[in-house]
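Q: Here it is, the structure in full.
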Amino acid sequence: MAASEDGSSCLVSRGRSQSDPSFLSDSSATSTDAGENPDEMDQTPPARSEPLVSGIRTPPVRRNSKLATLGRIFKPWKWRKKKNEKLKQTTSALEKKMAGRQGREELIKQGLLEMMEQDSENKACSPKEGSQPVQSEPPAGEQETLTSEGAQPGSPSASGTDQVSQDELLSSDAHLDDTANIPSASTAEEADAGSLLPTTDEPSQALAGSDSLDSPPRSLERSVSQLPSPPLLPTPPPKASSKATKNVTGQAALFQGPSMKNNEPALRGQLATPTGSPHVTTVHRPLPPSRVMEELHRALATKHRQDSFQGRECRGSPKKRMDVRLSRTSSMERGKERDEAWSFDGASENKWTATKDSEENKENLMLSSELKDDMLLYQDEEALNDSIISGTLPRKCKKELLAVKLRNRPSKQELEDRNIFPRRTDEERQEIRQQIEMKLSKRLSQRPAVEELERRNILKQRNDQTEQEERREIKQRLTRKLNQRPTVDELRDRKILIRFSDYVEVARAQDYDRRADKPWTRLSAADKAAIRKELNEYKSNEMEVHASSKHLTRFHRP
């Protein structure tokens with residue numbers, strides 16, 4: 001009997017009834033095992049809630065409860081996998097975009113690209129590989145020990161610490177998105193920031209800072225701890241690690257007090273100095289992507305235009321040089337005012353150098369700053385060119401483009417340098433003037449005199465008497481025509497003037513009182529029928545209609 005029961009237990013996993021007292025102890029044991037590895041707990045589907053009613057010796061009969069189908073529809077253990085896949089997709093897409101803009105090594109220097117090839121155990125860089133060691137994330141074992149030390153004394157043992165470490169790993173994944181979203185800075189900022197190597201991950205700074213402050217005598221096996229380094233301020237944790245902060249010790253909560261809340265916006269955009277560096281970097285606020293792109297475009301455009309401007313200055317006259325300098329200084333002052341309006345609390349010197357270099361590029365400045373609002377619709381260069389050609393730009397844009405063109409119109413000296421306008425000395429100009437004067441004088445001398453024109457009857461001599469005589473003749477001619485005009489009767493006799501009544505026979509109608517009763521309004525039905533009959537007979541007999549147009553004639557119903 002016992003052997004048969006053992007064989008059946010190997011084949012079918014029998015669930016105990018809830019009335020069995022050993023059921024509670026088994027459930028507590030399984031819960032502790034699940035607490036030790038939360039990943040397995042999340043991935044295993046929930047057990048079917050089907051109470052098994054067992055008889056004395058009969059096998060248990062399954063009864064489907066109401067919650068049996070819930071496991072098929074509601075699967076929360078698959079949500080975390082989907083979230084992780086989405087995070088991986090977004091991080092890979094962002095890293096591809098950033099790698100397309102700049103080189104891989106520059107991105108690693110700026111701390112914007114996290115190494116995808118890193119294994120789960122991230123070790124600190126050895127001093128042979130780089131001149132300055134870079135702080136890396138502690139491995140999973142150290143994270144567990146850190147969180148277990150920082151756990152509250154009254155917290156429930158191992159499950160809470162494992163949850164903290166798991167949430168911190170999630171927060172580091174989420175923070176990788178934040179670091180990848182930071183736009184690439186301008187080339188001027190890269191020159192100053194290239195010498196400093198920022199740390200790769202901000203959550204690792206938080207862990208290292210809290211560890212060094214909570215337990216200073218503890219020695220971790222890292223190359224960073226051996227160097228004499230100033231204590232790093234822990235950066236505020238990202239939003240994804242809100243669950244982890246609830247389980248952290250009271251010491252850590254006291255350390256991240258109101259002072260850290262005040263410093264949060266400054267530290268978010270700050271580049272952390274590597275350990276051992278004597279100076280601290282200046283605090284930079286990350287520029288929005290549109291302004292970064294504008295500064296990059298300006299810097300590229302100034303490189304192309306600097307050579308041409310220098311050549312023009314060398315060849316131009318001293319007066320022209322003074323004009324160019326004055327125009328440049330005025331445009332530089334304008335650009336400084338614009339940059340002061342754009343800048344945040346403290347703008348760095350790199351921005352100023354970039355804007356000073358870009359002042360020579362007038363067209364890009366005008367289009368980027370003054371036409372900023374109107375050019376939002378025309379982000380694409382092809383659309384902008386099409387709108388300029390077709391004339392569909394807004395009026396303000398047209399005016400500003402025209403002003404830019406007029407302002408950047410080449411001078412006479414530049415046209416002469418390009419051989420568009422020929423170079424001439426004063427003597428050559430004088431000779432050309434003399435030739436033109438001679439041509440004009442010849443034409444004037446060849447013009448015929450007044451006597452010659454009178455002889456040809458082109459120009460007539462006029463006196464007052466002759467003019468009056470001509471007027472009299474015209475009047476006599478007109479009066480003669482008017483006198484010889486025939487009368488109406490003569491025209492009627494000649495049948496030249498014909499009235500309408502000459503064509504139509506007029507029937508004299510009796511005058512009647514319009515306000516009196518009209519007799520034809522008092523017609524009976526028989527009278528109307530007789531009138532219709534007479535009209536139809538007249539039409540059929542007297543009026544000849546062509547066969548093709550017979551269908552157009554009206555026939556009054558008798």
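We count from 1, first residue shown onward.
Yeah, the Cβs are placed from backbone N, Cα and C, and that goes for glycine too.
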Q: Using Swiss-Prot as the reference, determine which range in 190-226, 449-485 is annotated coiled coil.
A: 449-485
Q: Select, from T44, T235, the one residue given the annotation phosphothreonine by Swiss-Prot.
A: T235
Q: Do you know the mean pLDDT across the repeat 'RPEL 2' (400-425)?
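A: Across the repeat 'RPEL 2' (400-425), the average pLDDT comes out at 87.
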